[in-house]
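TrEMBL has this to say about the protein:
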- 586-797: domain 'PPM-type phosphatase' (DOMAIN)
- 37-64: transmembrane segment (TRANSMEM)
- 76-107: transmembrane segment (TRANSMEM)
- 119-139: transmembrane segment (TRANSMEM)
- 151-172: transmembrane segment (TRANSMEM)
- 184-200: transmembrane segment (TRANSMEM)
- 212-239: transmembrane segment (TRANSMEM)
- 246-265: transmembrane segment (TRANSMEM)
- 271-289: transmembrane segment (TRANSMEM)
- 301-319: transmembrane segment (TRANSMEM)
Amino acid sequence: MIGKTELMPYKRKQNGQAAAVLGSKKSGFLPIAKQMLLLNIIGFFLGRASIFDDLAPFGIAYFIALLTRDKRNGIVGLSVLLGTMTVVGVGIWAKYGIALFMSWLLFRCVKDRIQWNTFKTAFGAGTVMMISGVGYRAFTEFYIYDLFMTVFESVVVFVFVYILSYAVPVALQKTNRKILSNEELICIAISGAVLISGFSEMKAGPYEIKNILGILLTLLFAYHGGASVGASVGVTIGIITSMSSIGTPTIIGIYSFSGLLAGIFKDLGKTGSAIGMIMGNAILTFYINGSTEVILQFEEIIVAFVVFMLMPKSVITYMEKFVNAQAGVLQLDKAYGERIRKIAFDRLREFANAFSELAATYGQILEKNKVIDQQDIAGIIDQVVNKVCNQCGMCRSCWQNNFYNTYNDMVDIIGVLESFGKIKADKIPVMLKKRCIRLDMLLQAIDDQFEIYKIHYKWQNKLFESRQLVAEQFQGISNMIHRLAREVCMEVQFKTNIEDALYVAFDKAGVQINKVTVLEKENEKIEVDVEKRPCFDRKQCDEKIAPIVSQVIGAEFIRKNQHCVRDEAAGSCVFKLVQGEKYRIGTGVARVSKENGYICGDSYTMMDLQDGKYMMALSDGMGSGERAAKESTATITLLEQLMEAGFDQDTAIKTINSILVLKSSEEIFSTIDLSMIDLYTGKLDCVKIGAASSFIKRADGEIEIIKSASLPIGILNKIDFDSLGKRLHHGDFLIMVSDGVLDADKDIDVKENWIVSALKAIHSRNPQSIADELLDMAIRKYGNKIEDDMTVLVTKIWESK
């Protein structure tokens, strides 16, 4: 059945006004008419806000801040002018009318021609105010003081535009903002204080509305933000209030101290904050005036308190989201996190110690250094005597009367067996030949017992090797658990300043986040843990959240795991963002089998490991063909599994060596060429076990050789190797080859020389092209007759952008 295709909501595209209206409806914002009414009311009271009685610059700044966002806000200029007319004289308000008209012309006509940023807008606003002020003074009698006031007013407009650049976007944001930055919070408080000053000389009965609103705003911020926020907002309101009227500057201290006490007593509820406000006013009033005159009227505080108590819970909850709502949660999370880390560290350390004890127990059995010792000889002789001599009539004569000579003769025969592998007639002691009447039976018994001993010795060493392998495995597991314990208990710092910035950035972008935790570990690497509502595989974490985190922190961040971890019970998705590696890697591979066969005896791997490590490994099985392929494949497979499981490279190589030694009675051995690149630092670690030399081609064309002499893996029970360290930089190449490539030129003694010359001659910057060209050169060196398996790995490293 064919039906209509319905686009998912998140993929629909909307344009123009229809999209804007739809967006507004979805976000639950006021219709445009009601929003415009609110902007005009604010404009009216900001137009009334004045300083030094005859300066009213705030309305101009507000009008310009709105006009640069939307041309339709030009109507607000009339409200600003109307408000200004109610507080200044007829001649003065003409100056502001001219400034409003000039602003409308400037920002409406050239808005689309100039890319307005905050500085340009503020500078343009200050310039307009300066021009209108100077023009007004030119037609009136003025003094130097008046010119200073004009400059001062222009500066105030410039600064207030900057302040409104933080406050206005929050008010007009088409998303439900929940968290503000410190800058936004302070600017909103200043804007609110200026707005309140616009209520000067307006009374509700005997009470000044300006004071009631100032006290109410201080109470709100102190109740939600605590003492520091209450004091800061109090200072702001006090400064604006004292500037907007001819009053004592002590009002600044009154508001600040009252806000401080209101914040201190906030834990007692709304009543506690109100009591703190009253106490602050009473204490400073008594200290300043000796209780002769109350600076903030007690009745005005009571009215503000009543309004504060009658405020709907939704308003209180909304305000609470703005003022550091996450601080307490983060401190509690930190305390619980430290306790959990301590418990986890202790448990992991106990497990690690247990595996270390197991490793020590299995490793206590010593390997037999000698093929045969005195105890083994005595055991062989005892078995021979029981089998041959006890039934002989000459037993008493040989073992009682002539014990030492007989014992030494048999020791000599065993020595002959050990040296030559068989008993030679000319090596038999002469006295034993004369004395022994069962010589043939005796020699056969000694030979049989020695063979039994050799079998026993072989399996005893096999047991020792197996125990050593188990011990190494246990020790490797112990090291892994110890490393995990150290990581769990690693000292971390909660970067609360970055967390606050991220909350604000997410809020601005309209991304709903439940929780963000930013940790800086001892290695100075930053991790960001994000908890949010699931996006159901719409890749919001990669497409929206990761870019925001990268922009805020100033470094590239990527999601650590490719799959989200969902907490179905909590209905949330949890993921981790980690700092992107400094370097990127690209590897090209070229290889060919001996005589163009179907099976290549070389095996290789490339894989990403934990902590930003990149591993490349090349193994060459002894010989060529299927058997060599099995040997090298087994080595590479084991290496991949062990490194992916978290083993360090030393333990992994020793384990592989032990496994190959024990795997079969036949000799199975191969080379290992292992390179590890730290993508954060560019550090290169190379381990070569019987492998051919590697090469580094620097970005400037210089060639470096990496070589090491050691036996292939799987030959000796114990293997010694060194790790060679280098540093790679942007544009460098690492070239790894098997011995078939190195041996291609038969005419030179130093085999590496021809590859150095070839790499200098190759000018390509593509790793695959370099691998192909180098392999082609090696084939030509062989005279197009491929005498060995050949593999070339070329890895290029470059810096991330």
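Quick reminder: no glycine exception, Cβ is built from N, Cα and C everywhere.
A Cβ distance under 8 Å defines the sequence-distant neighbours of the transmembrane segment (151-172), meaning residues of its chain 6+ beyond its ends; these are 51, 55, 57-58, 60-62, 64-66, 69, 118, 121-123, 125-130, 133, 180, 183-184, 187-188, 190-191, 194. Residues 42, 44-50, 58, 83, 87, 160, 163-167, 170, 208-210, 213-214, 217, 221, 229, 232-233, 236-237, 239-241, 243-245, 322-323, 504 of the same chain lie 6+ residues outside the transmembrane segment (184-200) yet bring a C-beta within less than 8 angstroms of a C-beta in it. In summary, the transmembrane segment (212-239) does not lie against the transmembrane segment (119-139): fewer than three C-beta pairs, each 6 or more positions apart in sequence, are under 8 Å. Panel annotation: around the transmembrane segment (271-289), residues 215, 218-219, 222-223, 250, 253-254, 257-265, 295-296, 298, 301, 305, 308 of the same chain, lying at least six beyond its termini, place a Cβ under 8 Å from a Cβ of the stretch.
Beyond the transmembrane segment (37-64), the same-chain residues lying 6 or more positions past its ends with a Cβ under 8 Å from any Cβ of the stretch are 30, 73, 75-84, 86-89, 92, 96, 99-100, 103, 107, 121, 124-125, 128-129, 149, 152-154, 156-157, 160-161, 164, 194-195, 197-200, 240, 243-246. Below 8 angstroms of C-beta separation, residues 57, 60-61, 64-65, 68, 91-92, 94-96, 98-99, 102-103, 106-107, 146-147, 150-151, 153-155, 157-159, 161-162, 165 of the same chain, each at least six residues beyond the ends of the transmembrane segment (119-139), sit close to that stretch.
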